[in-house]
Amino acid sequence: MRWTLMLQLLQLLLQLLMAQSQSLERISQDRIPLFRLTQQGDWDSLDRHPTDSLCVGLPAAGVTTLNLANRSLESLPSCLPRTLRSLDGSHNLLRALSEPVLGRLPELRVLTLHHNRISVLHWGRDTLAELRELDLSHNLLTELPPCAGPSGSSLRSLALAGNPLRALLPRTFACFPALRLLNLSCSELGHIAQEAFAGVDGGPLAALELLDLSGTSLERVESGWIRNLPKLKSLFLRKMPRLKTLEGDIFKMTPNLRQLDCGDSPALTSVHTEIFQDTPNLQVLQFQNCNLSSFGPWNSSQVLSVSLFGNPLICSCELAWLLVDVNKTVLHRAADTMCEPALGSTGPFSGPLSLSHLSNVCRSDQSTTLLPSNPGRFDHSVFAPRIQGPSIEQSTALSAQPGGSQQNITKVPSLTMTSPTQGSWMYKDASEETAQSTNSELVYSPSRALPGAASSGAEQTATHILEPNISSASTPLVSKYLEPLPTSPNPRSLPQTKQRTQATPRALHTDPPQDEIPVLLLDDDSEEEETRDQVAAPPQDVSCEYHPCKHLQTPCAELQRRFRCRCPGLSGEDTTPDPPTLQGVSEVTDTSVLVHWCAPNSVVLWYQIHYVAEGRSGNQSVVDIYATARQHPLYKLTPGTTYHVCVLAANRAGLSQSQTSGWRRSCATFTTKPSSVVIFWGLCTASGLLLVSTLVLSVCLWRQRWKPHRQFYDTHLVAFKNPARAEEVTQWE
């Protein structure tokens with residue numbers, strides 16, 4: 001009986017301890033996710049669990065767009081609506097993209113999965129049949145799956161930037177015959193097979209128009225693989241650390257090339273300009289901040305924009321071709337483009353010279369022969385395009401021929417572009433098409449008069465207008481990639497004059513002689529005029545809705561382009577950024593904390609967090625935090641420890657300095673909470689002591705209760721007579 005009661009008490013106590021342990025474990029699990037970005041919309045209550053718990057309350061049909069970014073998902077939910085057309089699963093923990101997941105979404109058009117951990121791709125030849133855009137940037141892909149056979153894929157845009165791809169195997173993209181935009185930038189790509197861009201049947205990848213190889217380890221552009229891109233219009237080779245030369249017949253099979261960007265490639269020392277003879281449609285060349293010493297001329301039929309600033313050019317009158325015929329060649333930032341005289345040179349160049357003054361120096365040297373410019377044919381014309389703000393303006397100029405009233409109207413195409421970086425991949429398809437019209441409306445562009453063009457009796461005027469130049473054949477997919485050229489912090493101002501020209505409206509001739517500039521007329525289409533009016537509207541003097549402390553804030557430069565608003569002054573990318581302002585920390589636990597900061601007024605490409613425990617020497621850091629982030633968690637901290645944390649901004653010029661005081665303080669100190677494990681074992685110990693005390697007390701009480709009582713028996717008193725006194729013995733009962 002006694003042992004049975006003790007066993008029952010022990011079982012009861014063990015059950016109490018197990019229940020307490022489970023409750024503490026649930027509390028600990030609830031603390032693991034420090035923060036969660038929820039979907040704004042009808043499903044705000046669905047983020048209670050990271051994966052299939054999202055299915056609770058999710059509509060089975062009718063949903064076309066779903067955002068699951070920043071949900072810590074390790075796999076996509078199995079209950080996604082079949083009507084989805086756009087799915088954003090970026091910034092999660094996805095490890096694979098498989099055919100069953102894509103097969104359940106037959107209407108999917110846009111799939112965004114950048115910044116995950118995807119290392120494996122599994123799909124069949126018909127899996128991506130309806131998909132139009134796929135973004136797999138900044139994942140862990142080391143290779144792409146081979147194409148199983150002919151595919152009906154309609155994929156037009158594929159982004160693979162930031163993946164550890166080392167090589168492209170033959171027919172890597174054969175499954176995507178409709179592919180138009182391919183981004184392979186910032187990868188470890190060092191080799192491209194000759195048939196990498198070949199189709200399943202060995203033919204070319206005929207639809208590709210834009211290829212971005214910026215930031216890769218390629219040493220040269222080879223004709224073997226580029227010949228399979230006959231419709232290539234834009235080629236980006238920015239920030240190529242190993243690209244040394246451009247030569248050979250690499251552009252022999254790409255006659256449609258319009259834009260070549262090799263900017264910020266320090267190893268590029270030689271460009272054989274003869275290769276551009278095979279690109280009659282070339283309009284933009286960017287070689288800024290390379291290592292070129294010369295840049296020879298070639299025959300070009302297009303208006304050409306060239307950027308050469310930041311190169312160690314050697315002064316030579318051969319470079320004057322860039323400035324002689326301003327109707328055909330626009331040198332971007334000519335005043336900032338410098339040349340140095342050759343060592344031991346005895347020519348007219350005595351020191352560093354801006355290319356904007358090169359023509360004057362060469363003209364004064366009688367022994368120098370310049371390229372023919374034939375300026376007399378353009379008397380009284382105001383024509384040279386002006387670089388203002390972020391773009392090369394599209395302008396129209398009136399040329400009054402001596403001795404006649406015929407009007408020549410020339411349209412200089414606008415060329416607005418950028419180089420792709422972390423998250424932004426922009427492109428604009430410049431148009432070649434123009435329409436004839438009898439409309440006599442004339443738009444003047446600010447310019448510098450050609451030599452000999454100014455008349456003694458004429459006043460010259462300069463106005464400007466920005467015009468869109470989107471081809472009617474261009475699709476929204478191509479035309480949406482748009483961003484301006486880099487501009488100088490102090491753009492040079494061109495001479496502005498006034499000119500009054502009287503001309504009698506006549507029928508405009510569109511077939512001029514061979515030695516004159518082609519006459520291109522403004523289209524009298526109402527839609528183009530409406531678009532032109534919208535684009536030409538003056539910028540509003542309002543500040544952009546830019547909050548430097550907002551997490552995932554859209555960069556102000558993009559807001560400025562989108563809404564024509566005013567951004568705060570930012571230091572350039574070549575200047576070390578100012579330190580961020582650390583707002584503080586939140587959600588402090590025993591092993592983690594969430595750090596908040598505000599962006600500086602500088603160009604920032606990424607952030608870093610450095611932290612160290614008080615009294616310890618080892619400094620820990622978190623690097624490559626994306627530029628739009630304003631908060632980041634720190635994990636695996638020591639409980640009950642004081643830490644010193646600093647947030648640093650970084651760009652190509654370097655890291656910002658740590659600042660521990662002042663209003664722009666980038667460092668702070670915090671202390672983690674005591675360990676939950678210690679608290680748990682403390683509670684267990686207290687519970688154990690309470691249990692032992694209870695058991696001891698129970699045993700004592702039980703023993704006291706069941707202790708037998710003392711029994712009293714009858715006692716007979718016997719008295720004996722003392723023999724000495726001879727008394728009688730008396731007995732009592």
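Glycine is treated like the rest: Cβ placed from N, Cα and C.
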Range among 173-193, 677-697 that Swiss-Prot annotates as transmembrane segment: 677-697
Helix-strand-coil residue split for the repeat 'LRR 6' (178-199), DSSP-based: 0 helix, 6 strand, 16 coil
Length of the line joining the Cα atoms of N70 (N-linked glycosylation site) and N183 (N-linked glycosylation site), in Å: 23
Tally of residues which DSSP labels helix, strand or coil - the repeat 'LRR 9' (256-278): 6 helix, 5 strand, 12 coil
From glycosylation sites N183, N291, N619, the one whose Cα lies nearest N327 (N-linked glycosylation site): N291
Proximal but sequence-remote residues of the same chain as N291 (N-linked glycosylation site) (Cβ under 8 Å, at least 6 apart): S265, P266, A267, L268, T269, N311, P312
Winner by Cβ contact number (other Cβ atoms within 10 Å) across the glycosylation sites N70, N183, N299, N327, N619: N183
Listed stretch, out of 207-230, 231-253, 256-278, 281-302, that has the most CB pairs under 8 angstroms to the repeat 'LRR 5' (154-175): 207-230
